[in-house]
Amino acid sequence: MHPSDQTIFALATGPLPSAIAIVRVSGSRAGEVLTALTGSLPPPRRAVRCDLRSRDGDLIDDGVALWFPTPASATGEDVAELHIHGSRAVAAALIKTLSAFEGVRPAEPGEFTRRGFENGKLDLTEAEGLDDLIHADTDAQRRQALRQLGGVLGDRARRWRDQIIEALALVEAGIDFSDEGDVADELMGPARAKIAELSAEIAEVLAEQGRGEKLRDGMVVAIAGPPNVGKSTLINRLARREVAIVSPHAGTTRDVIEIQLDLDGYPVTVIDTAGLRDSDDPVEQEGVRRARSRAAAADLVLWLSTATDASDPDVKGPEVWRVRNKIDLATGEVAESGPSQPVFRISAATGEGFADLLRELTRFAAQYFGSAEAGLITRDRHRRLLADAAASLTRSLVPGLAEEIVAEELRASAHSLGRLLGRVDVEDVLGEIFGRFCIGK
């Protein structure tokens, strides 16, 4: 029996113990399983309280059962849901009973969603939106994921693909009537106009500069500077907990420490790097090398120094802010020199000036992400396939190109959009996409 023909089950809720747990069953034998456990099939889509019993008749739990007959279910198959008390023993007894049914097996990660995809309940971009929703850490990420799950990109791609196929039909009709010049011209003219319009529309989406991808991946802020200037104290204050060791001895931090922040709904990763200095210690040298590498790759660098040190930052990056720390210990201010980067005076230990720095970080994040929720593209896969589709459309518009070549380019463009939606040639990416889902989803 092919794995997709088997009935699957899994715990669909979080770690046990918990108030309740939900076990989901999907496949052709779901109704048989539900009847065996409860004695009868409940009315479709109605929660019914029932006794759940093993095949020997022993009581497993007093629970609730729901029945979703095909095709009106999340997977497009017969689906049963069993709501039980969230006890490890109860869940184990139910799973043991389910495992005893012939043709019924535990689900693989993401298999419920994959079956929904294969049965036309959602396209591949919507499945990716569901994955993003599951992994969303901030409110902005949640809203973007819901838009993708709702079909904001999939609906647009379907419309583009349908219009390309319409244009292709006109081109192929023009080829059929190539002996009748006037008829062929009348068909090719509207086709080229439609192609040009679609090409411009897809190009506009590609020009979004990765807003959706930025929101999905987050912004990276690196804290860099000489040893013993308070970098670990600052990251602890940003995290509102102790994540880095604070020591008066220089060189305490030798590896990169990361924390995740939610700045007004925007996802930000802050990294605490090793102090930058010359050292004979091979371990510290490696820490310094990593620190410079991570700072150079960051979207923003906070160059931390003491309040009396006005030297220029010793790192490169797209945006560098100078942060003068330990102002609570300083006896006076020093004049700033060098490039006109923002300068903040704080005490990471007492919190003085920290609110101003945090406010500017939040403002910078808002500018960095822009109106990210308006972006359609949230993954590199989307961008590559849309770029392929757009390139084929552009080539089809080359003046003097033979109609047969135009038709071939349009087929290639439609094929790229089909891959985007998961309609054609996507077996190589399905395992990667659905493998990210948890078991039971």
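Cβ coordinates come from backbone N, Cα and C, glycine included.
These figures come from a predicted structure and were not determined experimentally.
Swiss-Prot annotations:
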BINDING   Arg24, Glu81, Lys121, Lys441  (6S)-5-formyl-5,6,7,8-tetrahydrofolate binding site
BINDING   228-233, 247-253, 272-275  GTP binding site
BINDING   Ser232, Thr253  Mg(2+) binding site
DOMAIN    218-366  domain 'TrmE-type G'
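Of the binding-site residues Arg24, Lys121, Arg24 has the largest number of other Cβ atoms within 10 Å of its own Cβ.
Ranking the binding-site residues Lys231, Lys441 by how many other Cβ atoms lie within 10 angstroms of each Cβ puts Lys441 at the bottom. Nearest Cα neighbour of Ser232 (Mg(2+) binding site) among the listed binding-site residues (Arg24, Glu81, Lys121, Lys441): Lys441.
For Ala274 (GTP binding site), the nearest neighbour among the binding-site residues Arg24, Glu81, Lys121, Lys441, judged by Cα separation, is Lys441. Each residue contributes its Cα atom, and for Lys441 ((6S)-5-formyl-5,6,7,8-tetrahydrofolate binding site) and Lys231 (GTP binding site) these two points are 41 Å apart.
Cβ neighbours within 10 Å of Ala274 (GTP binding site), excluding its own Cβ and spanning all shown chains: 27.
Cβ packing within 10 Å was compared across the binding-site residues Asn228, Ser232, and the lowest neighbour count falls to Asn228.
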